[in-house]
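Chemist: According to TrEMBL, the protein has these features:
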DOMAIN    53-222  domain 'Thiaminase-2/PQQC'
BINDING   ASP83, GLU119, GLU172  substrate binding site
ACT_SITE  GLU238  active site, proton donor
Amino acid sequence: MCVAFALAALTEGGLVTMNHVPEAPQSASGDYAWLGAEPGSVADQLYMSAADEWNQAINSRFVNELLDDTLPESILKSYLIQDFKFFNQGIMAHAIELAPRQETKDMLAKQSQWFADNEATYFTGFLKEYGITDEEYNNSEQTPANREYCEYLTKLVQGTWEELITALCCMEWIYLAWAKRTIDAGVVQQIPAHKGWVDLHEGDYFRAWTGRLIALVNEYASVDGSEADVFRTIVHLERRFFEDSYPQR
């Protein structure tokens, strides 16, 4: 039986069904062994050190509604405007500069170009499709969570290569984790903007990219160093970023 199941909602017109994506189970060591985070590896230990808040993030209200195609348009617009402002921080350039090997610099540069060709294109296409003007975008203030995230990264890029690659790995890995939920459930979003956002963060290409970051974390990072705090902080900020998509009381 498919993991996905039908949610039945009674309406005046009768019975309406929609696909529902179940929440991800509690994290366990070895969850991502297939991606290089084998039990006991540095990446796996970092993952488990943030397990509770990781699950809160990938099972957040925003993710649940996005995957179930029930996310209000106003919330999606708010989230993507904030994410685009975050995307423009340009942290990849710092990672390329700090990378210790030329092959790693080349790999990161290739991915940076992929972001420019795909993620940035998605953002600009979305802004146009949903009629978000330059004025509306420019006048949208950063949410407290977004501002805190950007301030943290501004400080982080002054740190070590080990810290920065850990941060990048965590950012991409946690996005793969929430997008993987819908793949595991066999559910395809019917709203193009929802499906497009999922497609950017799941699939062979994104998995391979995340796996390369995990390999770098296993090679360079340490569970006893500052990288552990970086990983947990990124997970915390990602959770807050999702939550701040909704109006705060």
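Each Cβ is built from the backbone N, Cα and C atoms, and glycine gets one as well.
Fair warning: this is a prediction, and the values are worked out from it, not measured in the lab.
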Chemist: Of GLU119, GLU172, which of the binding-site residues has the most Cβ neighbours inside 10 Å?
Modeler: GLU172
Chemist: What three-state secondary structure does DSSP assign to GLU238 (active site, proton donor)?
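Modeler: Going by the DSSP assignment, GLU238 (active site, proton donor) falls within a helical segment, counted as helix.
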Chemist: Round to the nearest Å and give the CA-to-CA distance linking GLU238 (active site, proton donor) with ASP83 (substrate binding site).
Modeler: 11
Chemist: Determine the C-alpha span of the substrate site listed in the record, that is the greatest distance between any two of ASP83, GLU119, GLU172, in Å to the nearest whole number.
Modeler: 14
Chemist: Return the residue, from the listed recorded positions ASP83, GLU238, with the maximum count of other C-beta atoms within 10 angstroms of its C-beta.
Modeler: GLU238
Chemist: Can you tell me the mean pLDDT for the domain 'Thiaminase-2/PQQC' (53-222)?
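Modeler: Within the domain 'Thiaminase-2/PQQC' (53-222), the model's average pLDDT equals 93.
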